[in-house]
Amino acid sequence: MPSLLLVVFILQFLLHIINTVGASTVNDLLWILYNKLPTPTSSSAQKAQKLKKEIVQLKRELGATSAQDNFSKWAKLDRQHNKAMAEFQKIDGSLRGHQTAFTSAVSTLRWLGTQGLRFVLQFWFAKSPMFWMPAGWLPFYVEWILSFPRAPLGSVSINVWGIACASMIALAAEGLAAVWVLATKRPTPIATEKKEAMAFAADQKSSGEKKEL
């Protein structure tokens, strides 16, 4: 059985990812993966994608065909486009209904597996110490805060451990984001900086001459 410390950390990490990416984005990705599997909606989703490409291609051909110069070809393309569009709208409407039900089920399961599980763990292990602090290291009021709400005095409660994990994950994410920005940022060429400085100096000089006049 995995350690409770690790379970709480993984749970906070998943919550951070969901909050950063967004619940709607997670739902959309899961819907795409669901349609990649042999599910009841996979064939309809593939057909909808095929029709979507066909509609785009027909639109391009319609735009490149003159209705005055080649009316028969234009009319044929227009009929094909309307037929494909009607079929696509029918399939898309059915898929949207399935997606709404899928999103509702996924949202419920996601809440139960993250927030719901966190509440259950905090309630069930409220009196269980995550780990003990060395005796005499901290003042009484600090030990009381670390053991809040019902853990033994001198230990760290599951609530405090969860807050600590969430804070560490957030700080680590901000640090990685800052490193990524610094690593991918292109340095400004020195020649460009000199040109900008000269242009700024020239502007200041011209404005000073205007004031004297």
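Glycine is no exception: its Cβ is also placed from the backbone N, Cα and C atoms.
What Swiss-Prot says about this protein:
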- 1-4: topological domain 'Lumenal' (TOPO_DOM)
- 5-24: transmembrane segment (TRANSMEM)
- 25-110: topological domain 'Cytoplasmic' (TOPO_DOM)
- 41-68: coiled coil (COILED)
- 111-131: transmembrane segment (TRANSMEM)
- 132-155: topological domain 'Lumenal' (TOPO_DOM)
- 156-172: transmembrane segment (TRANSMEM)
- 173-213: topological domain 'Cytoplasmic' (TOPO_DOM)
Message = Need one number: mean pLDDT over the topological domain 'Cytoplasmic' (173-213).
response = 63
Long-range neighbours of the topological domain 'Lumenal' (132-155), counting only residues six or more past its ends (CB under 8 A) = 126
Key: DSSP-assigned states of the topological domain 'Lumenal' (132-155) in counts, ordered helix, strand, coil   = 7 helix, 2 strand, 15 coil
